[in-house]
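Peer 1: Quick paste of what TrEMBL says about this protein:
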type	residues	note
DOMAIN	A:242-366	domain 'ABC3 transporter permease C-terminal'
DOMAIN	A:691-809	domain 'ABC3 transporter permease C-terminal'
TRANSMEM	A:240-263	transmembrane segment
TRANSMEM	A:283-310	transmembrane segment
TRANSMEM	A:339-363	transmembrane segment
TRANSMEM	A:384-404	transmembrane segment
TRANSMEM	A:410-436	transmembrane segment
TRANSMEM	A:457-477	transmembrane segment
TRANSMEM	A:684-709	transmembrane segment
TRANSMEM	A:735-763	transmembrane segment
TRANSMEM	A:783-802	transmembrane segment
Amino acid sequence: MRRALWILAVLLSHWRRHPMQFATLLIGLIAATALWSGVQALNQQARTSYDRAAAAFGGTRTPMLVATNGGAFSQQLFVDLRRAGWPVSPVVEGRISIGGRSVRLLGIEPVTMPVEASAATEIGRTGAQAFLTPPGQALIAPETLASLGLTEGATPALNDGALLPPLKLQPQLAPGVLVVDIGIAQKLLKMPDQISRLLIGSTKGPRASLGSVVGDRLRLVKPDAETDLERLTDSFHLNLTAFGLLSFFVGLFIVNSAIGLGFEQRLPMLRTLRACGVSARQLNSVLVLELVSIALIAGVIGLVCGYFIAASLLPDVAASLRGLYGAQIPGQLTLKPEWWFAGLAISVTGALLAATSSLLKAVRLPLLATAQPYAWQQAQHRWLRLQGAGALLVFIAAGLALWLGDSLIAGFFVLAALLLGAALALPVILGIVLAGGERSARRPLVTWFWADSRLQLSGLSLALMALLLALAVNVGVGTMVESFSRTFTGWLDGRLASEIYLNAASEKQVIEIKTWLKTRPDVQAVLPGSRADLQFNGAPIELLGFADHATYRDQWPLLESTSDAWDRVRSGNAALISEQLSLRMKLKLGDRLDVPTPTGNWSLDVVAIYADYGNPQGQIGANVDALVKHFPEISQTRMGLRVASADVPALITAIRARFGLDGRNLADQTTVKTESLAIFNRTFAVTAALNAFTLGVAGVALLTSLLTLSNSRLPQLAPLWAIGITRRRLAGIELLKTLSVALITSLLALPLGLLVAWCLIAIVNVKAFGWRLPFHVFPLQLVQLLGVAMLASLLAALLPILKLLRMQPATLVKVFANER
Amino acid sequence: MLTVRHLTKSYRSAQEQVAVLRGVDLSVAAGESVALTGESGSGKSTLLHLIAGLDEADGGEITLGDIVVTGLHDSARAALRRDRLGLVFQQFNLIPSLSVADNLAFQARISGKHDAAWQRELTERLGLGALLKRYPEQLSGGQQQRVAIGRALASKPLLLLADEPTGNLDENTADEVLGLARDLVARTGCGFLMVTHSERLAATLDRRIHLHAGLIA
């Protein structure tokens, strides 16, 4: 043990003498661990929230019975089933509005609630009596309480004037949900004697068959290992994970470069250690011990950085998940111990992965070979051919996946293979370009310029690969976001055609407002709208009702339609469907939908498919009068007003003064569009941040590679200095060389990035979100990114160049003294 | 103390098998200093490397004290170098990231034979007292070789093996360094086997063995 410690001390002494190299190693490991762990923290936080939502009073974690037609059903069925021996517990569910904010209301019956529906036991402990006896309690998560601006114990009024029981905090409850006794919920939701679903407990016992008790009115829904939300958000988390993984590997490029160079510089030391009697096994064990120790230290620092990255990105991620999928994520980061252990494990694994080639070399270290500090650079050339062949194989695999695959995973595989293949091919392509330059050169210094650039390539190739990947991903994601942004803006113009949007506080107020609007000559049209939420083919969808009006006929963003689509929609037996519903359920024009409604099935022919960007749920658009006929209980408080633009402010002021509607219930088109665009921009803020991080790490990779190489460059530069080329000129040539290879890499990254964008738009988006986007190229954005890449390369090259410029002649002379 | 019998070693070159040692016999007694001379390619360094356990012989036997070196596995050969041998090379082979003091003590420490008083005496005799905090790159060739000799003798080995230890030094420095090595070998009583091209330096040792075409001449 003591011997091992001495050997460890000797190995570590190398880093003490080469602090910059050690810093490089640490920076690489810290960056890799921080970005990976940060992303994992975000994913973990979101998944914990989904679990909370799913576990709350019988989400999809508990088996349940629901109405065959998807609507509510009679409470009598609950009584019948209990009598028949079924351990069922009733739940009623709906949405209520508190201060203009929509909240999900769950009514439960704690006495019969299955113990598996976790929070029930909590109620039992804290007092089911207080929950059940008047005035009862409304359980609420801390995040919901804060977002509503209320305090515990408050009894807020709903929009229709009804009062909620006193609010009671329950931390394990999902955000955005209120839980009350079922009797209270039935009153508040105006669903007397109605139930939304029956949860089934795990108690075993004799029970009659389901069909003999309820006929075909109810159907069994088995518990799901994965919630709807998890399924929906999988692609988003996969996206984040892909970014984390990319940053992780870019970080490992730095580590690999630092360890590789450190190992080569320590070769003579390793041979001396062996000559002094250290066995190969002991030396290799201590090398691994050294690496693991460094990885653990870097891992701890990386985890702390990862925590801060996750904490700073969490609000944007929460906004993205809310905007894209309607998922509620708390804004405060809480992490499980597993996250810390996993972070340390990934740091150690990453370090060992990055050091594999060096460790293998150590194992095979020939004891008597003469020290060859730069042999690794030459060895890299042998890999070029293998790398080229590998790149070709990976491209073929990408092509096969593109041709044969038809899933999100296949889409991501194509992306990953494209990036990996391009990274492997880069040194080969650069080698060919530089060799071409060398062949075409006439003057000796120019020939040397190209030849030396090729020599330098092996040491820089990993950093250049990192730059290529970071830039390509930036171009790809930037193009996708910009294409989306442009399409989204045009789409908003079509969807938000009314100048004013209004949501009345009650049905009574709707009648008053409509009557008053008739007296206003500035109102050109009142367009009533309504919405019903239902389950269709096992997935939640929205049924949107709109009036038959030229506004929709002229501006609705239809992607394809039959010639008589709008006339058939007016008749009430045809519908428009959103693109994502069409893709998800493989529906096309002419297909028929049988929509379950409280009044029976509603048959609708699909007559048009429209774009519905940013909506996690599928949507069906139908005539509003027909919708109200099939869903008599739905609220009809929403309407759009067509008004001349100049009359909008006056009309809003008048409505506000007369009916007391505030900003949450009354908004003009410009405000709604601005808010929608703000949500859109926030949705992609996290992508932009991760993009910037990745590019930053690639810049650091380039800087560290140049710094670690700068010392080994002396034998190449000193002879030129000796024959009369000044240090200033040498520094200029070195700078030009770095910028040349960076420029070639950046130029290669642009088409690769556009290919990445095409994959994201044509494959990943369609599979993940269910919408297609037109593909645009934004030349200005490409030029800007090229500029950023060159600036990053310039900054990375500057420090080693300054070092060379200030180098003392004595240092250069040492090259010839054979004492280095 | 060191006995070599019928030692053979050959290497495979691109075209043919080259026999470097073709049945070498030699011995070195405790306290004896022996010079191993011969032209380039005669097998001097190969013989030294085989004795040091840095390479494996094809045939024959090497015995150091009561240990048969030939046939030992890698870890046992490493232990032999660590505990019973001292090695000095032409290229000094110091550890560049360790100070002179740490380089001197290194082998003695890993063999568990570190003796502070002996280390002080070595430092003094080798004239390294003022250089202890320096790093190898800050020393001249002669100074570096003195550190290498100190490191090799710090663990009080049975045998000191030196491969062209003065090859990189000028004549005066070479005489000075070799003189120090001889004194210290005499002080410790260990055997000393030195590969050299220099007839002049070989003549300063107790005995001289000449190797020619893989055989003792």
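In case you wondered, yes, glycine gets a Cβ from its N, Cα and C as well.
Quick one: how deep are these features, and who are their neighbours?
Peer 2: Residues 4, 7-8, 11-12, 25-26, 29-42, 45, 259, 270, 273-274, 333, 335, 340, 343-344, 346-348, 350-352, 355, 359, 362-363, 693 of the same chain lie 6+ residues outside the transmembrane segment (A:283-310) yet bring a C-beta within less than 8 angstroms of a C-beta in it.
Long-range contacts of the transmembrane segment (A:384-404) within the same chain, counting only residues at least 6 positions beyond its ends with a Cβ under 8 Å from a Cβ of the stretch, are 410, 413-414, 417-418, 420-422, 424-425, 427-428, 431, 763.
Distant neighbours of the transmembrane segment (A:457-477): 243, 246, 249-250, 253-254, 256-257, 261, 376-378, 380-381, 419, 422-423, 426-427, 430-431, 434, 687, 691, 694-695, 697-699, 701-702, 704-706, 708-709, 712, 738, 741-742, 745-746, 748-750, 752-757, 759-760, 781-782, 785, 789, 792-793; these residues of the same chain sit at least 6 beyond its ends, with a Cβ under 8 Å from one of its Cβ atoms.
Long-range contacts of the transmembrane segment (A:735-763) within the same chain: residues 402, 410-411, 414-415, 418-419, 422, 426, 429-430, 433-434, 449, 452-453, 456-457, 460, 464, 467-468, 471-480, 483, 702, 706, 772-773, 775, 777, 782, 785-786, 789-790, 793-794, 796-798, 801, each at least 6 residues beyond the stretch ends and with a Cβ under 8 Å from a Cβ of the stretch.
Long-range contacts of the transmembrane segment (A:783-802) within its own chain (CB-CB distance under 8 A, at least 6 residues past either end) are made by residues 467, 471, 474-475, 478, 695, 698-700, 702-703, 706-707, 709-710, 731, 734-735, 738-739, 742-743, 745-747, 749-750, 753.
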Peer 1: Limited to the domain 'ABC3 transporter permease C-terminal' (A:691-809), I'd like the whole-number average of pLDDT.
Peer 2: 81
Peer 1: Counting Cβ pairs under 8 Å to the transmembrane segment (A:339-363), which of A:240-263, A:410-436, A:684-709 comes out on top?
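Peer 2: The stretch with the most contacts is A:240-263.
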Peer 1: Which bits of the chain, at least 6 residues beyond where the transmembrane segment (A:240-263) starts or stops, bring a Cβ under 8 A of a Cβ in it?
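Peer 2: Residues 14-15, 18, 21-22, 24-25, 27-33, 35-36, 38-40, 42-43, 291, 317, 346, 350-351, 353-355, 357-358, 361-362, 376, 412, 415-416, 419, 459, 462-463, 465-466, 469-470, 473, 686-687, 690, 693-694, 697-698, 700-701, 704-705, 708-709, 712.
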Peer 1: I need to check the long-range neighbours of the transmembrane segment (A:410-436): which residues 6 or more away from its ends have a CB within less than 8 Å of a CB in the stretch?
Peer 2: 238, 242, 246, 384, 387-388, 390-392, 394-395, 397-398, 401-402, 404, 450, 453-454, 457-458, 461, 464-465, 468-469, 472-473, 741, 744-745, 748, 752, 755-756, 759-760, 763-764, 767-768
